Amino acid sequence: MDFALYDYIIVGGGLSGCVLANRLREYNNTSKIVLLEAGKDTRDRSDVRHPQVLNLGGDLDWSYETEPVPNAANRTFTLNSGQGLGGGTAVNSSGWTRGSAIDFDEWAALVKDERYSYAGQLPWFKKCERWLDEKNPEQHGLDGRITIGSAGSNKRVFPLTEKIAEAWDALGAPALPDLDQNAGDNLGRAYICESRLDGQRQWSPVVYPLDGVEVRLEALVQRVVMENSSGSPRATGVELTDGSILSGKEVILCAGALRSPQLLQLSGIGSPTDLKEVGIDAVVDLPDVGKGLTDHTNFWQHWRLRDPSAGYTLGSANPLFSEPQYSKGTPMEWVVTHSLPKEGLATAIEKDEGVKPNPSKHPLLSSARTFSETLILHAKVPLPGIPMDAEHMTTAVINFLPTSRGTVSLKSANIEDHPTSKCPLWPYFSDIAVQKLIGRHIVNMNYLSTEVDKYQMREGIRRITSFMLGPVFSQYVAGETVPDALAVEPVTLNDSDEKLNKRVALAASTTWHYSGTCSMGKVVDTGFRVYGVGGLRVVDASVIPVPLSAHIQAPLYGLTEQAAAIIAGKA
């Protein structure tokens, strides 16, 4: 027993854990805070500071494996997830996208609290960022912790930059004002923005230093300790896997959308029926713990250039790419987001819900929603069956507003079970297997279980096919190259729904944007407090109750800034 009484015990040293620890200490410099991180220190690691786009599959990655997904050809998926100080910010691609104001307004309406509307969260978005210019101070912060750069500010201009812009214009995806998608309206074409400073990663324990915070590394928490002396349960500390107990006035779980629900369940908070199956007595009946798991589905493709000698891509002999700006970010310039044809969307909704939707009231139809994102990379991201070369470009289609929901549940009551986890970096097949010290819990992603999600993916593939094989860009692209392992025909301009559904089932992957498993309004209140338990909160992506049309990093920085102020009584 560790009798030191902490003001805050923060479980998880990822994005939210580091921001919370830093800000709570700043708001009250006498606070005694301990930050418990299951992984290693990353603050002095050069492989994190100088990223090669993604640091996946190594010692900083939990590499969780899912259950087989029926609508994805019964495949299992490796869910890469940051392990170590910084969590996902130490392994991600550093993308910085906020999402549409409509998404946040839906969130606020759902939980009946305007603090979670776009206007309510805007001050916190601004607080965390140091924006790349001063054009729009109403929307952007200029003195935050995280410096944001873009392809434009870094002067990354590729040989095909203007042709890509022309082709998007022809397909009805025009440029956004100031080429900025982080100002509430993200429908259209904008520069990619990244949380990099002169090309180097900025990750949470570095930009939010942990001075004055006790940091314990390789400290895996088994459960939250609770007492019930006053007639209702209250968290009094945590038990580590070595049996030691830390006591505190408040416990805050920041373990992420795959870990925080597991810790609640291991502590007896969840569905009594589910907990009984693994021999855990229910302390709090909260059946939505672990439900509502959301992720953005991703679909990668390679496109074969007609003239590889033209020097259009990284890996070619073009001396342009030896200039320093091309090493300062992802090899792309445009992020393009899209709506969906409402007639086809309404048909898909009717198939899922069994009734014809009211277009003026249904949340997916009543306003201009941002359903998907398309990325075009001036390089060939290596996939099994297609080695790296200078002959291809890579594209990604990302489904932003999925209606499929998955679950996180327990397989055993011991967080130290040692499963084997397959670890492919990309979505096809791999023989790599690693042993991980990860809790044996069941992750059911349930990808592509709705007609709406299948429709979103089909429309996204048709759009990028029309781009690549259409009148503007087909002079550069000969067609798609399919990985050998897939054994399917390349896409064409006339593919049927059946063909595209099969292709998506075989090749769709995660975008690593897990959320929703401790959903606000169902598991936590708008002060991040777990229902039915005193002294226990959750602050991480698991509390986000609706899908966001954004990569999760930027919204989560803003949300955690807001949470810190709420917990400290400053907001």
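Backbone N, Cα and C atoms are what each Cβ position is placed from, and that goes for glycine too.
Bear in mind that TrEMBL entries carry predicted annotations, made automatically and left uncurated.
These features come from TrEMBL:
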BINDING   Val221, Trp512, His513  FAD binding site
DOMAIN    256-270  domain 'Glucose-methanol-choline oxidoreductase N-terminal'
ACT_SITE  His513  active site, proton donor
ACT_SITE  His551  active site, proton acceptor
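Within the same chain, residues at least six positions away from Val221 (FAD binding site) with a Cβ under 8 Å of its Cβ are Val11, Leu36, Ala38, Val238, Glu239, Leu240, Thr241, Ala255, Leu263, Ile415.
Trp512 (FAD binding site) and His551 (active site, proton acceptor) have their C-alpha atoms 9 Å apart, to the nearest angstrom. Distance noted between the C-alpha atoms of the residue listed as 'active site, proton acceptor' and His513 (FAD binding site) is 7 Å. Neighbours of Trp512 (FAD binding site), defined as other CB atoms within 10 A of its CB across all chains, total 20.
Residues within less than 8 Å, Cβ to Cβ, of His513 (FAD binding site) and separated from it by at least 6 positions along the same chain comprise Thr294, Asp295, His296, Ala541, His551, Ile552.
Looking only at the domain 'Glucose-methanol-choline oxidoreductase N-terminal' (256-270), the predicted model's pLDDT averages out at 96.
Residue pairs drawn from Val221, Trp512, His513, the listed FAD binders, are separated by up to 23 Å at the Cα level.
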